[in-house]
Structure formats: structure tokens, C-alpha cells
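Below: one structure, written as C-alpha cells.
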Amino acid sequence: MPVITLPDGSQREFDKPVSIMEVAADIGAGLAKATVAGRIDGELVDACELIEHDARIEIVTPKDDDGVHIIRHSCAHLMGHAVKQMWPDAKMAIGPVIDNGFYYDIDVDHTFTQEDLEKIEKRMKELAKTEYAVVKKKASWKEARETFVERHEPYKIEILDEDIPTDATPGLYHHEEYIDMCRGPHVPNMKFCQHFKIMKMAGAYWRGDSDNKMLQRIYGTAWADKKQLKAYLQRLEEAEKRDHRKIAKAQDLFHWQEEAPGMVFWHHNGWTIFRELETYIREKMREYEYQEVKGPMMMDRVLWEKSGHWEKFSELMFTTSSENREYAVKPMNCPGHVQIFNQGLKSYRDLPLRMAEFGSCHRNEPSGALHGLMRVRGFTQDDAHIFCTEQQVQEEVAGCIKMVYETYKTFGFENIDVKLSTRPEKRLGDDATWDRSETALAQALKNNDIDFSYLPGEGAFYGPKIEFTLFDCLGRAWQCGTIQLDFALPGRLGATYVGEDNERHTPVMIHRAILGSLERFMGILIEEYAGHFPLWLSPTQVVLMNITDNQSDYVRKVVKTLNEKGIRASADLRNEKIGFKIREHTLKRVPYLLVVGDKEVEAGEVAVRTRGGEDLGKFPLEDFITRVEDEVRTRKID
């Protein structure tokens with residue numbers, strides 16, 4: 001007779017095997033009504049799952065993250081149900097959960113249109129309103145295969161043949177006449193799948209392989225209630241307004257061309273911001289005693305083979321040949337930095353040696369994955385490598401952590417999630433080395449009172465890493481900074497130092513990036529600030545506008561003075577009404593709008609307005625310059 005232990009420690013005894021739903025009903029009718037699924041001894045299961053032995057259980061409802069995840073997964077099945085009713089010959093591939101939603105890949109002769117998506121959503125709503133029960137049946141591998149052969153579902157058959165052992169018992173979920181295969185869990189009833197929206201469609205190769213057939217992917221979002229769905233759609237609308245590609249066009253920051261996919265054409269305004277980011281990071285590098293270096297753009301394939309990158313990374317590397325030698329354009333900077341370290345004999349007294357580079361890297365990302373500045377082929381890393389002894393690791397990692405947090409705070413990011421990624425399946429080095437690496441990073445985080453969680457199997461192939469994820473004003477997550485420990489690469493490339501014992505030792509290498517890709521970080525900033533850059537980053541910091549031609553000479557003189565002081569200023573001397581000029585430069589998001597009339601000329605002053613519409617009144621020019629210089633020096637965030 002199973003004894004069920006609940007999260008609060010209370011226990012309930014049953015005289016026969018009991019399901020999660022029955023336990024919920026025993027606790028209370030309201031809880032049973034809200035039950036989506038459950039956990040048995042930590043394992044997420046369907047509400048119909050029977051408990052035959054003593055166990056600890058948790059009830060999962062739509063208020064839980066797991067509950068929302070399950071609702072989204074079941075909405076993917078609901079989409080499959082609707083599509084098969086409308087296009088019976090459609091072949092269903094996969095329908096997983098993704099961030100904030102789900103998708104289904106579908107093979108059908110009909111090309112879906114926006115009108116079709118609206119019809120699919122309407123049919124899904126009609127089906128969900130009937131609140132039909134979702135019935136899970138466990139089948140043998142053979143029974144599952146026969147089911148999908150009978151239903152002419154080749155993708156489900158392939159999944160069974162290639163991915164599922166023949167001794168497995170796949171879960172078949174019955175949505176009335178529609179059957180889908182999944183490990184689950186899923187909602188027990190479609191009453192939970194009421195708050196969703198079909199978002200868009202795209203092409204997707206089966207199994208992500210361009211040699212396979214292109215399928216049609218339909219995306220959707222789903223939430224626990226109407227309020228959550230509405231809030232999400234509002235966030236999307238705001239994100240659309242903040243799209244860095246639109247703002248870049250409006251502010252003349254950069255552009256793209258088909259002749260250079262994934263490569264940025266920086267315009268003066270955009271390059272000004274880019275250089276300010278570099279300048280700031282250089283200041284931090286000096287503060288933390290890094291040496292700035294510059295490695296070659298291309299190196300012989302032999303070096304990449306020796307480093308291990310060729311084996312693990314070659315499909316993403318651009319290559320070229322010359323004089324019977326094959327070269328690779330660098331996708332990362334670390335092998336080059338080891339070569340610089342190897343020049344000249346190093347002693348333990350030289351360690352730690354902190355080496356940094358604004359490395360221009362290239363990766364041959366699939367064209368379909370490219371997305372503005374967020375996913376490019378040519379990018380600049382604020383990359384650094386610290387060569388140190390094992391005894392110095394924790395102190396050096398602590399310094400990196402401090403530098404990361406200070407940098408993000410400068411840009412206004414203070415909500416930071418930290419993950420420790422551990423050994424992947426494909427990796428360099430032995431288990432003992434990985435044990436030491438993972439322990440060192442975990443201890444450095446604990447010693448600095450950093451809350452973190454583990455990402456098992458997500459480390460780099462050469463060592464574990466700490467990942468820093470920022471959350472922007474819309475709640476979106478951006479993984480930017482990394483600190484990676486590497487006991488493997490220095491040894492592979494022959495890096496050594498002479499220790500206190502006069503013997504040669506291999507240094508530990510710490511890979512460190514804060515912004516990550518400067519291009520991507522700039523895209524994040526454009527959207528975070530919605531183009532309203534803080535003064536120190538703004539391409540044009542001040543614009544001066546005359547009211548009549550009488551003030552033109554004074555405006556030119558003031559602009560020259562400001563530029564000589566290092567303040568990026570421009571003049572608008574057009575024969576337009578002052579209100580028109582103010583509106584135009586407000587839309588261009590220039591931080592300070594200075595209006596000059598006869599009175600300002602006579603007094604040697606400027607009338608100051610902000611892009612937010614605030615009238616700050618008249619300032620003597622020197623006082624205004626002091627204000628701007630202070631704001632830039634402190635890198636004030638609006």
C-alpha cells in the first residue's frame with residue numbers, strides 16, 4: 001500500500017496503487033481541478049501516472065513553470081490535431097517547446113499563408129473549447145510503429161527506427177481522433193490550453209540537415225492565463241519597436257548587404273558607439289592590469305589541428321589556400337595568445353600573465369541563423385586569456401567576476417543569472433583534470449557569494465565555464481560573458497613556465513570575455529536603450545540650433561568649442577522653424593538640444609533642452625560644458 005509524502009512533509013496512505021490526479025483529488029477538489037501533472041520522487045510525470053510504492057510527490061499546476069511548459073507542449077499537439085483535420089495528408093514531424101512557446105514542423109504539399117495560420121488558430125480554439133480529455137496510452141515499440149505506418153506518418157516512423165530502442169514503451173497521446181507520440185507529460189484535458197496565439201511560420205530542414213527535405217515550421221506561444229498572454233504580446237510589440245535593425249536604419253548606424261552576409265558595414269554613427277565600447281573596455285583592462293595584444297587573422301591549419309579546434313570546429317571555419325598550405329581564418333583568439341606566451345622563457349614570477357585582444361573573428365554560421373547584430377559571421381571579441389598556476393586560479397577568477405559585474409553595472413544591467421557549465425560528451429583532457437577545473441570554478445563563485453546553478457554537459461570542449469546572462473528591460477535573457485578554465489590547450493600548444501623548483505610546468509589558462517561579441521552587445525544596448533543612448537555613447541551628444549541667421553556665427557563658434565573639448569556636437573543652421581528642428585532631433589534621440597537666439601548670443605549662453613522634452617533653462621557655455629564632461633566621465637545612465 002503506497003504511502004505518499006507531500007512537499008510539506010505530511011503523508012497520506014492508500015490501499016491500492018493511486019494516480020497523481022487521485023492524490024490531488026484526495027487533498028481537495030480544487031487542487032484536482034488545477035492539476036496539470038506531477039512529480040514522483042522528482043521525476044515529472046503525467047497526471048494519470050500510477051504510484052505503486054512509497055514516494056514523495058508534488059502536484060504541478062499552471063502556476064508552476066513546469067505547468068506552463070507542459071501547456072505549451074500540449075498546444076503543439078493541439079496544433080497537430082488542427083492541421084491534420086484541415087490537411088489530412090499533412091505529415092507531422094516534431095513539435096517541441098521553445099522559449100515562450102512551441103512549434104511544429106510539418107510536411108505538406110500546400111504552402112501555408114498568413115490566412116492559413118489564422119484558420120489554424122481558429123480551429124485550435126474550437127477544439128480547445130470542447131475541453132476534450134487527453135488520453136495517454138503506453139504502447140510497445142512495435143505497436144507504436146504499426147500505428148504510424150497505418151496513419152502514413154513517415155517522420156514518426158523514422159524517429160522510432162533511429163532514436164527509440166525497440167524495448168521501449170513509447171507514450172501515445174490520443175487527442176480524440178489524432179494521435180501523437182511523445183515522452184510527455186501532457187495536460188490531462190484541453191481546458192488548460194485556452195490561452196495561445198499562432199505567431200509566424202518559417203522553413204526548417206528535417207533534423208536541421210540541409211540535405212533533408214525543407215519542412216514548414218509554424219510557431220506559437222501559450223500561457224497559463226489570458227493576462228500572461230496579453231502581457232507577452234505587449235512585450236513583443238515593444239520589442240518590435242526596439243528592434244536594433246530598425247533603429248540602426250533610423251539613426252544611420254550600420255547596414256547589411258547580400259555581398260557580405262553576416263558582416264557589418266559600420267557607418268560613422270555606429271562606429272562611434274563601437275569605439276566608445278572599446279575605449280571603456282580598454283580602461284577596465286588597464287585597471288585590472290591586462291596587456292593588450294593583436295594576433296594574426298589567419299593561421300596554418302596545422303596549428304588549428306594541434307590546438308584541437310580543427311577536429312571540433314572545422315565546419316564553422318573559413319579556409320583558404322596559398323602556396324600549397326591551408327589556412328583558417330580564426331574563429332577565436334586563444335591559440336594565437338598561446339603563441340605570444342610561448343615567445344621567450346617564462347618564470348613563475350611572470351604569472352599571472354593577463355593577455356587581452358579585441359580579436360576580429362569569423363565563423364561560418366548557417367545563413368538561416370544570421371540575425372542582425374545578434375548572430376553574425378564577422379565579429380569582435382573582447383577576449384582575454386590569463387596564464388597562471390593552479391594555486392592562482394581562484395584569485396584570478398574572482399578578479400574576472402568582479403570585472404564582469406562592474407562592467408554590466410556601467411550599462412545598467414544588474415539582474416544577472418550565473419550558470420556553471422560542466423564537461424560535455426566530446427572533450428579534451430581526462431576526468432581528473434575536469435574534476436579539478438569544475439571544482440575550482442565552483443569554489444571561486446561560492447567564495448564571492450555568487451548564486452549559481454549548473455548546466456551539465458554544456459562546457460566548452462577544453463574546460464568548464466561560467467556563463468553570465470543579462471536580463472534586459474523586457475525580461476529577455478542575453479548570455480554574454482564567460483569565464484572558462486582550460487587545463488588542456490596550453491599543454492597541447494607547448495606552453496610552459498619554470499616553477500620555483502626549476503622544473504618546467506604547464507600553466508593553467510583562463511579564457512575570459514565580458515561583452516562577448518561587441519557587435520552582439522551593441523545590438524543588445526540598442527534595444528535596451530531603444531536608441532536613447534546614454535550621453536557617453538551617443539554618436540551626436542549635442543546639437544545646436546539657431547532661431548535666425550543672426551546666430552549662425554555664434555552657433556559655429558560654440559560647436560567648434562565643444563568639439564575641441566571632446567564633446568561630439570553638430571549645428572543645424574537650416575532655415576526651418578525652431579519647433580521643427582527640435583522635433584526632428586528629438587526623434588534622432590540626440591541627448592542635448594541647444595537653442596540659440598539673440599539673447600543667448602548677447603549673454604554668451606545656450607538654452608538647453610533634453611531629448612525627453614525637459615527644459616533645463618539657460619546655461620553659461622562653460623557651465624554646460626562642465627555638466628556634459630561630468631556626465632560623460634561618470635558614464636551616467638539616463
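Just so you know, glycine gets a Cβ as well, placed from its N, Cα and C.
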Per Swiss-Prot, Cys334, His385 bind Zn(2+); matching candidate in His186, His195, His511, His532: His511
Counts of helix, strand and coil residues, the domain 'TGS' (1-61), according to DSSP: 14 helix, 24 strand, 23 coil
Confidence summary (mean pLDDT) of the domain 'TGS' (1-61): 94
Among His385, His511 [binding-site residues], residue with fewest other Cβ within 10 Å: His511
His385 (Zn(2+) binding site) in three-state DSSP notation: strand
